[in-house]
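Contents: one structure, followed by commentary.
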Amino acid sequence: MAAEVETNHVHPTFELADISDGKPKCHPRIFLEPVQRHTSVKAYVMKKVRKACSCTPARAKDQITSFLPVLKWLPKYNLKENILGDLMSGLIVGILLVPQSIAYSLLAGQEPIYGLYTSFFASIIYFLFGTSRHISVGIFGVLCLMIGEVVDRELYRAGFDLKHSVPSSFHSDMSVSVANSTLGPVNHTSQALCDRSCYAITIGATVTFVAGVYQVAMGFFQVGFVSVYLSDSLLSGFVTGASFTILTSQAKYLLGLEIPRSNGIGSLVATWINIFRNIHKTNLCDLCTSCLCLLVLIPTKERNERFKTKLKAPLPTELLVVVAATLASHFGKLEEKYGSSVAGHIPTGFLPPQPPDWTLIPSVAVDAVAIAIIGFAITVSLSEMFAKKHGYTVKANQEMYAIGFCNIIPSFFHCFTTSAALAKTLIKESTGCRTQISGVVSGLVILLVLLVIAPLFYSLQKCVLGVITIVNLRGALRKFSDLPKMWRLSKVDTVIWVVTMLSSALISTELGLLIGVCFSILCVIVRTQKPEGQLLGCVPESEIYEPLLAYRDLQTMPSIRVFRFEAPLYYANKETFKSMLYKLTGVNPLWVLAAKRKAEKQKFREEMASSNGNQAAVSVQLVTQPLEFHTIVIDCCAVQFLDTAGIHTLKEVHRDYGEIGVRVLLAQCSPSVRDSLNRGEYAKKGETNLLFHSVHQAVEYALFAYGQNGCYDSEA
């Protein structure tokens, strides 16, 4: 006999049958009393307000160190153990960032100097606010593409020619730049004050500011749950699809063509049509340079990856190519002789800070939503991935603050949107990074370029920058080789990947992301709306029940059906639940009741018409013959929740089967499901032993409680 449970203050709840020794114990009953949760809204709010408003020295210190994590870990920095790895990784990543920052500026529709500004400020600000020790925050190709599309659209609306890029007037004179950087809607008068380059960075900075505000707001309101709808397959498909758009946008630089960037739906196809229409205008000098750079960069990049475990540091091939190409272009006078497009003058120093254009915010607010979500989703996922790998924790909420401030603050210094980047983070980790001191070292490398070296890149051909961007897409494009493995693991994830990739590439990046999210949610809904249901059998000499179709030699009870429904039971799949249960058990109680009533009516009519009722008696006997089973056990282990429709459905099934003499028992219900059934008054007054801890207990109860007279004992 199980130990008695005190029931001094028992609230109305379900009984869980105890049959531990093989016989159902009904006296005394075991009651599980739920823990009473006080949900007074007023008390809860007052508690939160008191906690938020309380201010002690310890709490103030904790708040400051939480907001600026650098104040917590920097005083404990182990110089002897960490400095060498941080210096090495920071130096290598900084060297790689220089050519990539310049190259990705073209992708964002900006001058090269702004890419260097962006990488510098992102490294320093994340050092102050970030909690990850390893991620590298800076320019990310997909975000640059999305920024560039917004910039081109707004430039077109402002009346600028997208085909020709006018050199910025402030490149040659810093003092003039301050006067010429007047912000506001561009018309024929204001174009004289703010040229194309000036207005392009104004648009980029405004989008960046709005995206940063969104990210900080997400952190403040703790809505990071939005990222759970961006699954790994969805993000991978989105990045791969966007990579095709990036490759397409850079193809014109490899060929030396001057064609405007296509925007909107179908921009990838429109761009390739424009390229083939103008293919006869290809600049042979740019084409040859592009081919040479590809022949150098691709093999060396592959070698770096193949021997990354043996190499102490990856070869800075991109920087070497940039230096060699710049020297060749300068001494060969490729711009003057062959009309090759070059980067142009890159000034030293920093431009004065400047606020975003507030009048542009309504035009770019919607675009900034997708940029903000992609930025923080990639940053948080990479942070958590590397933290788990190295055995420390990161605060996802603080990461949203960090990436938000990496966008808000730099937007006042002529920068565009940043996030964590996987390729640079992997390099940073593999070269010995220990803390974000390495990010400061990378920032100092870029600062050296900004203050001293930047003007030396004047003769660098844009086709070289395009090649660097395209070569860095190899990782995303290689995802196609993973499709067979992904298909074997999960066909649904593979379809989500393909749909997101195609929509991002062929429609547009923003709509592609939206389509991917909607399709992913639709797949979840369909999978819960059309779940699997199966009959179970017992594994011999055990209390384990498994699907009959999955394993052989399972034992079944002829008088009991065990049914498992593998999904939550709610309004969308209630009919599926009932039809599946009726089909697998072979008995639809409604049909049985209808046939019984029809036979009774027929018998009554025939008895009224004639005293000979043999035919009717035979009909009734055929309809009312005993069923093959007397109990249905529903395994609810996979039912995470019930809504109102789900509760009503279970009550209907319980009632309908009860009317034909079949009892329905529920097993392995979670606490939330039991609570829903309790509140929904699933059991009528006087009904007991409806819920069981396990399927085996329910089956044993049914076998012992079903009396010899062909019905359940009244005391069972």
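Please read every residue number as a count from 1 along the shown chain.
Backbone N, Cα and C atoms are what each Cβ position is placed from, and that goes for glycine too.
As annotated by TrEMBL, transmembrane segment applies to 83-107 (among others).
The transmembrane segment annotation in TrEMBL covers 113-129 (among others).
The transmembrane segment annotation in TrEMBL covers 198-221 (among others).
The annotation transmembrane segment is assigned in TrEMBL to 360-380 (among others).
Annotation source TrEMBL lists transmembrane segment at 401-423 (among others). Residues of the same chain lying 6 or more positions beyond the ends of the transmembrane segment (401-423) and with a Cβ under 8 Å from any Cβ of it are 67, 108, 110, 114, 117-119, 121-122, 125-126, 129-132, 135-141, 143-144, 146-147, 201, 204-209, 211-219, 350-351, 353-356, 371, 374-376, 378-379, 382-383, 472, 475.
Summarising the annotation, TrEMBL assigns transmembrane segment to 443-473 (among others). Sequence-distant contacts of the transmembrane segment (443-473), counting only residues of its own chain at least 6 positions beyond either end whose CB sits under 8 Å from a CB of the stretch, comprise 90-91, 94-95, 97-104, 106-107, 112-113, 116-117, 119-120, 123-124, 127, 141, 243, 246-247, 250-256, 286-287, 289-290, 293-294, 297-298, 301, 318, 321-322, 325-326, 329-330, 334-335, 340-350, 423.
Residues annotated as transmembrane segment in TrEMBL: 494-522 (among others). Here the transmembrane segment (494-522) has long-range neighbours at 142, 145-146, 149, 229-231, 233-234, 236-238, 240-242, 244-245, 264-269, 367, 370, 373-374, 479, 483, 486-487, meaning same-chain residues at least 6 beyond its ends whose C-beta is under 8 angstroms from one of its own.
If you look up TrEMBL, you'll see 550-702 marked as domain 'STAS'.
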### Task
Can you check how the pLDDT averages out over the domain 'STAS' (550-702)?
81
### Query
Counting only residues 6+ away from its ends, which parts of the chain sit with a Cβ under 8 Å from the transmembrane segment (360-380)?
135, 137, 140, 142-143, 146-147, 150, 154, 157, 202-203, 206-207, 210-212, 214-215, 218, 224, 226-227, 230, 235, 238, 396, 399-400, 402-404, 407, 417-420, 422, 509-510, 513-514
